[in-house]
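> If you scroll down you'll find the structure; I have some questions about it.
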């Protein structure tokens, strides 16, 4: 075959695979086969000097540009007017209603009833892509002033989900948002000398970086939502425009809603606000736009904004505030971690007074100092995180000093990697109390009525220094504890006695093996079936267990090497603790070996019971939808997982359909 023809075929094939993987989330080729074809293309291009402008090899160059050139947009990129209350949305809606009524009263060609299209308002950097009459990407530009932006074509090409060639023979400008996902952000920050402060800065800084190789390191993504300019037949509705964007292979978010009433809009605002922190990218609101294009054209624009759209803005996810102090706390493992004490600040509707700082390396890398103004970010975490400092606020600030002794017991601290530990396991109150509370917890030994206050008293007054000491407690001594009468003392002893008969997975979880949670404990028990087998397990055997990686495997091996660990386990067994494992016979079913996600409220099952049912049928129950998901069982008020499953073409079952299958 002619080498130029072969290059053209390889380019077409590789671009198809990229679309499947980065846009559809479902690849039809293995990574190995893709790499083989990619490097075949690289070699052919070197040999012949023939390179197509839309070849995947042109995505990343080792180039540093001298400057950004200006680009004049064919159609202006408008800002949107903003609302922060439903009342402001109502006022905007009423203006639209009034316009529509007046127009239809005086015009022969009536406008259709108002219908709004709702999409997420992404918190990234707006980009405008231009495609020529052959469908080839020729320019990528920032929004800039709205009329003139900066040419960032080389940077835009590093975004792998953006098509370099599309099936369209009209000159086209399409608008979207370049974003950084939380995964890309965390990976970049784990390796970077200077960590990024937030996802938006990560995206904006990447596209406005003259070093294209640095842009590529940030692994940006993008969503597209608007055709700014298109030669040829115009669109009649926004939904028609969105369908066009999708059919041309551009990455789109799966959330698009049609609303006709304010009540419907309110429900969608509430829904997106609820799932906002579950997303793996930042949004700062919702865009509400009129669907009918003719109505849009007649409504027109103000000097700044289109009259036919408005953005509903959520509360900020990030804020700046003053770092007042650092508090050092001891965890169950003995790790001593810093917590920032902040000047109270409102963040995403919550008053934030504390934030995590991770460790001294993290503090040094981010340049955090006492008295400085710091950037605080709230995501899925219960406690927000400090991302960096405001450079202008550093004058007069103080260095954060690392403690040399344990803040709880005064023992000397030791370094292990980036963390510091207190090794006074038996005499350090926070360590022992948290260990006992974990051991007694519902998903561990399930000792009813046990509390942290009880654990504190057992440590302070009854000299409990190990979990096995719980099984040596005496009735008379319990009566010496605060608020412990005869009934409460006996109830606690009965609950401790009852806990002796436990499942092996609960016992394993109760031991507090580092990095071993409830699910991992269950998976380990299924694989090894006895404590003795697990104690003898090799590294290779451990990593063969589903979801057990190198770190977890090493944690388990190190845990069972400890002489004290084995002593405690043997003592627990000698005191009558009887962990047992009953091998459940898994019935043949359509769910055998399948990955299943449950979303919404089911009529006949709690979350625990449906999980147990699915596992008894041989299924793996997952908490998130991906291209590896086989089924989604959807109940009432199914949320974003349902939407994602639909967009990926995953089989969605109602509760009734699920029961019919089994």
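Cβ atoms are placed via backbone N, Cα and C, with glycine included.
Below are the features listed in Swiss-Prot for this protein:
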type     : residues                                  : note
ACT_SITE : 121                                       : active site, N6-AMP-lysine intermediate
BINDING  : 31, 32, 33, 34, 35, 79, 80, 143, 177, 313 : NAD(+) binding site
BINDING  : 406, 409, 422, 428                        : Zn(2+) binding site
DOMAIN   : 586-662                                   : domain 'BRCT'
> Return the residues near residue 409 (Zn(2+) binding site), defined as same-chain residues 6+ apart in sequence whose C-beta is under 8 angstroms from its C-beta, sorted by sequence, else 'none'.
422, 424, 427, 428, 429
> Name the secondary structure element type, per DSSP in three states, that contains residue 428 (Zn(2+) binding site).
coil
> May I ask for the distance between residue 80 (NAD(+) binding site) and residue 406 (Zn(2+) binding site), taken between their Cα atoms and rounded to an integer number of Å?
53
> List the Cα distance (Å, whole number) between residue 406 (Zn(2+) binding site) and residue 33 (NAD(+) binding site).
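Roughly 54 Å, rounded to the nearest whole number.
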> Over the domain 'BRCT' (586-662), what is the model's mean pLDDT?
85
> Roughly how many angstrom lie between the C-alpha atoms of residue 121 (active site, N6-AMP-lysine intermediate) and residue 177 (NAD(+) binding site)?
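Residue 121 (active site, N6-AMP-lysine intermediate) to residue 177 (NAD(+) binding site), Cα-Cα distance: 9 Å.
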> Please identify, from the binding-site residues 80, 406, 422, the residue with the sparsest Cβ neighbourhood, meaning fewest other Cβ atoms within 10 angstroms.
80
> Among the binding-site residues 35, 177, which residue has the largest number of other Cβ atoms within 10 Å of its own Cβ?
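Counting Cβ neighbours within 10 Å, the top one is 177.
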> What number of additional C-beta atoms lies within 10 angstroms of the C-beta atom of residue 428 (Zn(2+) binding site)?
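Result for residue 428 (Zn(2+) binding site): 23 neighbouring Cβ atoms inside 10 Å.
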> Excluding 406, 409, 422, 428 themselves, which residues in that chain have a Cβ inside 8 Å of the centre of the Cβ atoms defining the Zn(2+) site?
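Counting only non-site residues, the set is 330, 334, 336, 405, 407, 408, 410, 411, 423, 424, 427, 429, 430, 431.
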> Can you tell me whether DSSP puts residue 33 (NAD(+) binding site) in helix, strand or coil?
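The three-state answer is helix.
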> Kindly report the helix/strand/coil residue split of the domain 'BRCT' (586-662) according to DSSP, in that order.
26 helix, 17 strand, 34 coil
> Counting only residues 6+ away in sequence within the same chain, which have a CB under 8 Å from the CB of residue 33 (NAD(+) binding site)?
none
